[in-house]
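Asker: Please find one structure pasted underneath; my questions will follow.
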Amino acid sequence: MGKRDRVDRDKKKSKKRQYEEEEEDEDDAPGNESQEAVPSAAGKQVDESSTKVDEYGAKDYRQQMPLKGDHTSRPLWVAPDGHIFLEAFSPVYKYAQDFLVAIAEPVCRPTHVHEYKLTAYSLYAAVSVGLQTSDITEYLRKLSKTGVPDGIIQFIKLCTVSYGKVKLVLKHNRYFVESSHPDVIQHLLQDPVIRECRLRNAEGEATELITETFTSKSAISKTVEGSGGASTSQGVDAQAKSDIPKDLFDFYEQMDKDEEEEEETQTVSFEVKQEMIEELQKRCICLEYPLLAEYDFRNDSLNPDINIDLKPTAVLRPYQEKSLRKMFGNGRARSGVIVLPCGAGKSLVGVTAACTVRKRCLVLGNSAVSVEQWKAQFKMWSTIDDSQICRFTSDAKDKPIGCSIAISTYSMLGHTTKRSWEAERVMEWLKTQEWGLMILDEVHTIPAKMFRRVLTIVQAHCKLGLTATLVREDDKIVDLNFLIGPKLYEANWMELQNNGYIAKVQCAEVWCPMSPEFYREYVAIKTKKRILLYTMNPNKFRACQFLIKFHERRNDKIIVFADNVFALKEYAIRLNKPYIYGPTSQGERMQILQNFKHNPKINTIFISKVGDTSFDLPEANVLIQISSHGGSRRQEAQRLGRVLRAKKGMVAEEYNAFFYSLVSQDTQEMAYSTKRQRFLVDQGYSFKVITKLAGMEEEELAFSTKEEQQQLLQKVLAATDLDAEEEVVAGEFGSRSGQASRRFGTMSSLSGADDTVYMEYHSSRNKASTKHVHPLFKRFRK
């Protein structure tokens, strides 16, 4: 009986250990499950009960989806389960893609056929940018090769019938509930809670309903014509027109006219009490009429305009302009999220939004480096004076008096423990300001509870979230829909690559065989030290060294990523390269990065997970990954983004950037690697598997002898379980440093003999090494 209990305990430990290794760093701590109120329709799924399934599990839609006579000219298949398939080779692909990005979530976008999925949140986003229920169903019917299933029509109506019909608008610093549907306003006013929120005059009577005519015209003027995606009126030549059904072509002509024309809408509104806004929002959600927040910044006379404009040199690319038109489509500022690939110019989108609103702006990033980069971006693209920009980080606390643009980090605002006197004064100032725009960089990294704390500390009329990867390994990404707003725009990575807006990257997975000694220990050890064994695999080290030598001879700029600090230091020191990790000071970080950018002698740097986001290194064109965080899809995409910026002078080659992921064969790392690649594969990237690096035997590389490999193994075995853990970045949300944890240890650890290894060295060799000056210090420029 005792033996069985022991086996059960070992199984539980193994499962727990596996869970901890796979776990994502963005997860909230236990007990943070409090959810924002969401409409019940948001939980609905498309009904698939009538779909036939054959003996192999394949779905048979032939009876439900008869083809139209001219189906070859139409680009869409709409399946009864909500999945939509788009032919990328269709002459009307541009039109159909613009529409699908607005109403559905991209699932997979390879070369020829793209897959999308209708969800409640994607339909909410469609309504928020002005599409009506009838528009969505009519567009789908005209684009589809078959009839649109009745279940899909019902699902669209269910999700869009009430969303977007009621708006919360701030005008002249007074809040109004506004709708173009008078019957909806009357329905809301019948509710006692909403009647209580309505503003009353001095006599205690409710204020009158206000009827006005609202002219909607985009606040972003079209400056780019016919250049790949800014308008639906481009991209179809005369020959292709003959292949398009007449009803489809006429419909698109009408779409273009509707987009260009000013639209007059009659609205009905009533004023509400400012102190009851939160209660009003919750009640409207319960009534299935969630409020859509809009900021009428042009008519906000109480908040002063700031002196900021785009410089004449700032030219928006078509996709950047398109994303901003979604945000400012009706002359007001909508809150929401814009998704653009790393290196595609998210910062310029944020700066342009601030220049359009022209009210006080708060920018939040996730590190002190990103704060410095945002300041540089504002000075590069806008006419803002340096004295108008205020930074608030642990290292830099500028005086906020008279500033118009404040830049800080999430951890600085979400900090709950005692602050210094100076920091407390700045926080008080941030809290008392009424911000016109809040820009939230890398918005996917913020857990819901932390986010809610940041949102309650500062008040902003409009919130713009920017990210490259709207994915998380938990389900908390949907919280952003109601904490910030719907997704306004998402770009196609492959399309931007083909148009030259981002680099063309060759992705490769390099398989490194485990040396016999290392693999023997890997199989025997059951603690977290296994991670250290497959990361410090001598063959992986040799592959990394070979790739660095190969690309340095080509004058490439190389970044090597390692999540494990022990491995990071070992690799960097052995290869004589500079490295950046958590404890590296801000000054030293900037010095290393500046040398990497401008010093021709520094072509390789090692970075821990602190460099996953917000490190702006446009010169880098080679990335080597030696260790990573489990199966995180987000981290893989963020790291690829470090080399995605468009490269100058490298157009002749087929590929002008390289992404290598080094994986130890026959270990857990291979399973993690497959999981990590899912997001990039869905974006259209393919990974080349390299089992042998040509020319590696001819190079002089480290750990080429059994003795050297044995010494490395002894060093790894002498390391603690703490060394095997990943770096915990200060201020990173989701870090579990505050929780109790259990680690396996030995008696030698308790006696202080943890790092002791018996090794012999020749005395004369030691004396010679003391006189040697490290060449790295000669190469660095101060």
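Cβ atoms here come from the backbone N, Cα and C positions, even for glycine.
According to Swiss-Prot, the protein carries these features:
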COMPBIAS  1-11  compositional bias 'Basic and acidic residues'
REGION    1-52  region 'Disordered'
MOTIF     6-18  motif 'Nuclear localization signal'
COMPBIAS  20-30  compositional bias 'Acidic residues'
MOD_RES   SER34  phosphoserine
DOMAIN    328-489  domain 'Helicase ATP-binding'
MOTIF     442-445  motif 'DEVH box'
DOMAIN    543-703  domain 'Helicase C-terminal'
MOD_RES   SER686  phosphoserine
MOD_RES   SER751  phosphoserine
Asker: Using Cβ-Cβ distances, find the residues under 8 Å from SER686 (phosphoserine) that belong to the same chain and are at least 6 apart in sequence, listing them in sequence order.
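Answerer: When sequence neighbours closer than 6 are ignored, SER686 (phosphoserine) has CYS507 within Cβ distance under 8 Å.
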Asker: Which residue counts does DSSP yield for the motif 'DEVH box' (442-445) in the helix, strand and coil classes, in that order?
Answerer: 3 helix, 0 strand, 1 coil
Asker: Which whole-number mean pLDDT does the model give the motif 'Nuclear localization signal' (6-18)?
Answerer: 49
